[in-house]
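**Q** Before anything else, here's the structure in question.
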Amino acid sequence: MQLINVIKSSGVSQSFDPQKIIKVLSWAAEGTSVDPYELYENIKSYLRDGMTTDDIQTIVIKAAANSISVEEPDYQYVAARCLMFALRKHVYGQYEPRSFIDHISYCVNAGKYDPELLSKYSAEEITFLESKIKHERDMEFTYSGAMQLKEKYLVKDKTTGQIYETPQFAFMTIGMALHQDEPVDRLKHVIRFYEAVSTRQISLPTPIMAGCRTPTRQFSSCVVIEAGDSLKSINKASASIVEYISKRAGIGINVGMIRAEGSKIGMGEVRHTGVIPFWKHFQTAVKSCSQGGIRGGAATAYYPIWHLEVENLLVLKNNKGVEENRIRHMDYGVQLNDLMMERFGKNDYITLFSPHEMGGELYYSYFKDQDRFRELYEAAEKDPNIRKKRIKARELFELLMTERSGTARIYVQFIDNTNNYTPFIREKAPIRQSNLCCEIAIPTNDVNSPDAEIGLCTLSAFVLDNFDWQDQDKINELAEVQVRALDNLLDYQGYPVPEAEKAKKRRNLGVGVTNYAAWLASNFASYEDANDLTHELFERLQYGLIKASIKLAKEKGPSEYYSDTRWSRGELPIDWYNKKIDQIAAPKYVCDWSALREDLKLFGIRNSTLSALMPCESSSQVSNSTNGYEPPRGPVSVKESKEGSFNQVVPNIEHNIDLYDYTWKLAKKGNKPYLTQVAIMLKWVCQSASANTYYDPQIFPKGKVPMSIMIDDMLYGWYYGIKNFYYHNTRDGSGTDDYEIETPKADDCAACKL
């Protein structure tokens, strides 16, 4: 190799010394199977005279990242260490971080950190916390995790791209912000939080990871807003959407109350224009702001299947029609109940009505009281004075499934499952919608009513396989960390609209899981045979969460709306779950529910809800985990970043590659193994799950998924208590389906996912 000169960051030119780069590569490859000399040989040909040291670092990182494969998975650690090495140099001008107090002061003065980090904590406390920071954990990320942190989570100037922190400082300052007002054992709580996050035993959502410690104070992952049937309500809902979209939130909108086209307004002097113009208004609100400077917002709109305009509403997202009769930039949730399922089963008719009929009582009883709804619905069918349309249930269900399969993003919500298998008392706090990603099930109320309520939920997740799942003390500890931190967040954050402040009275949390597929593989189990294993795991997790919330209630008091919940009656998930689950997982318990019930009766509970099963697409990269409870597409997923694409391999690939259930192999066995596990999880989970379906047309005659198969899956999920169906995934046969190619989707949002 000819002699070349390199330019240092100081601007000084000096002769290139191969030993310096080999020394860094040897350090980065330590403890891995990667040969640093072999990596250097791959890099050599890219070196040019006059290159900067930054250019060389970029070449090293890219060469290592491009080498990540099933055969050479350790390159993901080498690439990550090289990236972190470069990041340290950029942030601090040297490899060693500056002192913690200097770091916080610098970021506060730059307007990047919340000044309360300095006013609420003394210099002595900050120095003590610094002694607990383990910067070497920056070198334990995979390349995918390191890139996710660098591009998405670490505090930066979005104009210049300057990054202000490294991961361990970020994790500790998030903990400091969340626990700053703890009156007792504050530092202990901060350190426990830091340990759980930095060892990747728990995972945090994008709003907390990117925003908590900064002057921004809106971290609720999921926002659910209910629009009524008046212009004032519609406009107020739209204004609320704009406020929350601008704060990075994903939106669920209940639009089902808006009356149908041609309905009377007032004394009949005006005929209603129908829902489509108003839904377009909501779409404009959703797309009006970028999410914290990232991209346009995202929303899912919910409505009942018996809405008089349903035939026009089901097709809103497809590529047929014209702009005037399509609203393609929102997703839709179609709400079914047991009566609708019964009509389908009997090959009967469904009668469509405008939801304002019967003074709105028909609509509200749909969620509040299923017996009353049946009574009113059947009376309305017989009433000649009420406008209606009859349609064969099978015809309507087939239209629903056709649009769901064609767009992938027409979701289904089973309203009776949602309201019957929940901590909320149905007649007191009915649930009338879900959120953007279908995992949230909490009460809302018309934003223009006297009892207006915007529902908020904050998320986190247990990272399965990163702790001993049968060590109940460990689970209890991780549950305590998450419940306390998320509960504190409710008081720490701001509320852009007053209707959302009831979040502090309900105190809804949604703790989920990620890395379930890797956990199955490590336990030599599959989606087909893990019923009892999943039952025990989720019993343990939910027990830990309930125990943590009771402990917090003893310390700080129960939620103000405690009386709206079954907890207030001394009930537990073992009391209110769908008993059909006993057919697939025997009700055998490993935790002491009797003792927990006594504590519940004695102290109450701090949080109305504690758990939800969300997608974990973003944070799964940081924690090096499989996405939520989904099967991975294949051993390798292809991630896209600003610096190009790169591979991520499944956890423990060197040992477990053949033990995983991969998506399309599992799909050949149908959706029931996957749906069975989700149903068992939901026996325990307070809220809902973003349950997906997967279809490979190649395995069916003529390469087309039969309608009967799709409807059978829906019936199976409903029967066993599943509350929502999320994405409808179809294998396209391109050959890339065995790889998870992840690019940002249009009309998507990271906020209500992890």
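From the backbone N, Cα and C atoms, a Cβ is placed for every residue, glycine too.
Keep in mind it's a predicted model, so treat the numbers as computed, not measured.
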**Q** Name the residue, out of Gly250, Gly406, Gly644, that Swiss-Prot lists for the same substrate site as Thr206, Ser221, Cys222, Asn435, Leu436, Cys437, Cys438, Glu439, Pro615, Cys616, Glu617, Ser618, Ser619, please.
**A** Gly250
**Q** DSSP-wise, what's the residue breakdown of the region 'Disordered' (621-641) into helix, strand and coil?
**A** 2 helix, 6 strand, 13 coil
**Q** Determine, using Cα-Cα distances only, which of these recorded positions is closest to Tyr727 (site 'Important for electron transfer'): Thr206, Asn435, Cys437, Cys457.
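**A** Of the recorded positions Thr206, Asn435, Cys437, Cys457, Cys437 has its Cα closest to that of Tyr727 (site 'Important for electron transfer').
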**Q** Near the Cβ of Tyr726 (site 'Important for electron transfer'), how many other Cβ atoms are there if near means within 10 Å?
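**A** I get 24 for this one.
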**Q** Which residues of the same chain, at least 6 past either end of the region 'Disordered' (621-641), have a Cβ under 8 Å from a Cβ in it?
**A** 69-70, 141-142, 144-145, 147-149, 151, 153, 200, 203, 209, 461, 463-466, 512-518, 527, 613-615, 647-651, 653, 657, 660-664, 666, 674, 677-678, 681, 689-690, 692, 737-744, 754
**Q** Rounded to the nearest angstrom, how far is the Cα of Tyr726 (site 'Important for electron transfer') from the Cα of Glu439 (substrate binding site)?
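**A** Approximately 9 Å lies between the Cα of Glu439 (substrate binding site) and that of Tyr726 (site 'Important for electron transfer').
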**Q** Measuring CA to CA, name the entry from the binding-site residues Thr206, Asn435, Cys437, Cys616, Ser618 that ends up nearest Tyr726 (site 'Important for electron transfer').
**A** Cys437
**Q** State the three-class DSSP label for Cys222 (substrate binding site), counting H, G and I as helix, E and B as strand, and everything else as coil.
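**A** It is in a strand.
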